[in-house]
Every structure is written in C-alpha cells, then in structure tokens.
Amino acid sequence: LEKPKYRCPACRVPYCSVACFRKHKEQCNPETRPVEKKIRSALPTKTVKPVENKDDDDSIADFLNSDEEEDRVSLQNLKNLGESATLRSLLLNPHLRQLMVNLDQGEDKAKLMRAYMQEPLFVEFADCCLGIVEPSQNEES
C-alpha cells in the first residue's frame, strides 16, 4: 500500500489513488468521523465581512492553511494542470463548467462531490486532474 495523498471530501478518510477512491466511495459513510465533526462544530467559526477591493487572496490562504501538507498540490503540479490541453478541452464543456460553479458556491460540498462523482463527465475531469497530479499512478481499473 502507498502512503495516502488525498482525503475523501465527504468523510476525510485518506486514499492514495483514483482506484482506491472508487473502492472507498462505494461504501463511504460521511459520519465515520463524528468526533472530529463535534470538535469542529464546537470551535468558534471565523466570519469575514466582505470588504471592497479585497481579493480572494485571504480565502485562498485560509483554504491553503486549512488542510494538512500531504493534501496539497505542489506548485509544479498546479502549473501542469494549467498547461494541460486535455484539461482545457474538458473545461470548455458548459455542463462541466456549471458543475464546477455549483460545487464552488454550494453549501454542502461533500454531498455535491458524491453526486458529481456519479456524472461521467465530472469523473473524466477528476481522472484527468489526478492523472496530471499523479503521473506515476496508472489506472488499475
């Protein structure tokens, strides 16, 4: 087994590849981490009032600081994602773009991710991203 590099968006269980994620999502239970949920819900939430001329830099910084180092994509891999012709081609699809907007703006992102991972177009997009980020991982399915 490889060291897990990713976490399930629903239950935060670590997984190492697309194949492992597919196996996991069949039996995923978002309530597998109730203690962590209770702790997080007990913590005070930070509210940020929108300010004019304020970029998304703060929210990006919060996001980057929110997860463990192992969950982050390297700058080189981000660059590779941006330069991928296949990924750019997929992102021209208006349906995929709408799914991405809905996911970005949605309240329950884990629920949306579970639903979208049933959509072949979104799975193709996710597989493409993972293939770029983890080029050494060959699909086992």
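Placed from the backbone N, Cα and C atoms, the Cβ positions cover glycine too.
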Pick from 1-28, 113-140: which range has zinc finger per Swiss-Prot?
1-28
Sequence gap of 6 or more, C-beta under 8 Å: which same-chain residues meet both conditions with respect to CYS8 (Zn(2+) binding site)?
PRO14, TYR15, PHE21, HIS24, LYS25, CYS28
Mean pLDDT across the zinc finger (1-28), rounded to an integer, is what?
73
DSSP secondary structure for HIS24 (Zn(2+) binding site), reduced to helix/strand/coil, please.
helix
